[in-house]
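Engineer: First the structure, then my questions, so here it is.
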């Protein structure tokens with residue numbers, strides 16, 4: 001396991017329970033006259049066309065909020081490639097006194113792992129600015145007083161295990177079960193650990209029938225066993241060449257076999273947002289959520305009463321945004337995050 005001093009939970013304080021934090025209204029707290037004007041859709045004949053935010057819109061947004069929450073994949077980077085102009089944009093926002101938080105539903109890495117990725121891309125991001133769904137899963141256990149003498153079964157990668165280690169939780173599964181197979185024979189029954197009181201399902205490129213059956217047994221046969229999903233994303237960016245099946249596929253397998261709905265701790269669930277607001281002492285109307293997904297990032301912001309900025313550098317296309325079937329509309333739309341640079345400093349993105 002990678003050793004990394006990650007500001008323990010007592011330093012990034014999580015509320016004893018989510019309920020008090022969740023009492024913030026899910027609607028925008030600003031008077032209607034002061035809310036950002038929606039710059040999302042403009043009808044053009046029979047086809048919808050996306051109208052992007054003007055420089056005036058972007059400047060007003062930057063003036064209005066004190067903090068930006070950024071999704072990572074599709075906003076900061078694509079696969080292992082940093083989006084050009086992002087470092088200058090982040091520096092400009094910091095120079096304006098804005099708090100920056102980086103949130104990802106990808107649970108394959110811990111905060112330590114994401115710190116290394118940011119560093120490898122030339123970005124100086126502090127650990128306390130990173131909120132991954134792997135961290136959120138471990139924080140959920142802590143917040144619900146999960147007993148330290150019980151175990152967690154993990155479908156997922158090393159990121160979840162590292163976060164559980166940091167909080168002192170026992171676990172089994174994860175990559176250790178990657179090569180396990182079930183050899184069926186008459187009367188065979190798979191044994192499982194009855195001390196498992198939580199199953200965490202994160203993105204797992206090595207998911208197999210053994211893992212599915214083991215998780216199913218724990219959830220169905222261990223009284224009170226929790227079913228926790230890091231996220232329900234349909235697709236993810238493993239490379240910049242195409243979209244890959246997301247954690248929704250893994251969670252769907254366990255939902256199908258247990259007939260149980262999971263507790264989701266990543267976007268767009270309230271849990272992560274409530275703790276970010278609490279950790280940084282922010283009111284919801286002080287925050288702008290910047291993301292590339294409508295059903296996670298923008299919904300996350302809308303549900304939480306945040307301003308929302310959709311960037312078209314990731315999953316969502318202009319056609320999807322403009323579709324009459326789309327019911328999730330951001331406050332602002334722009335091509336990519338570095339479009340904010342000129343509004344923040346008057347400088348364009350370097351060529």
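Even glycines carry a Cβ here, placed using N, Cα and C.
A TrEMBL annotation is a machine prediction, not a hand-curated record.
Residues or ranges marked as active site, nucleophile by TrEMBL: 71. For 73, the entry in TrEMBL reads active site, proton donor. The annotation Mg(2+) binding site is assigned in TrEMBL to 71, 73, 292. TrEMBL lists 267 with the feature substrate binding site.
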Engineer: When you measure from the Cβ of the residue listed as 'active site, nucleophile', which residues in the chain that are at least 6 apart have a Cβ under 8 Å away?
Structural biologist: 103, 104, 105, 267, 290, 291, 292, 293, 296, 297, 314
Engineer: Note down the number of other Cβ atoms within 10 Å of the Cβ of residue 292 (Mg(2+) binding site), including every protein chain shown.
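Structural biologist: For residue 292 (Mg(2+) binding site), the 10 Å Cβ neighbour count is 23.
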Engineer: Would you mind checking how many other C-beta atoms are within 10 angstroms of the C-beta on the residue listed as 'substrate binding site'?
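Structural biologist: Total other Cβ atoms inside 10 Å, all chains included: 33.
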Engineer: Residues with Cβ closer than 8 Å to the Cβ of residue 73 (active site, proton donor), same chain and 6+ apart in sequence?
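Structural biologist: Spatial neighbours, sequence-distant, of residue 73 (active site, proton donor): 104, 106, 236, 237, 292, 314.
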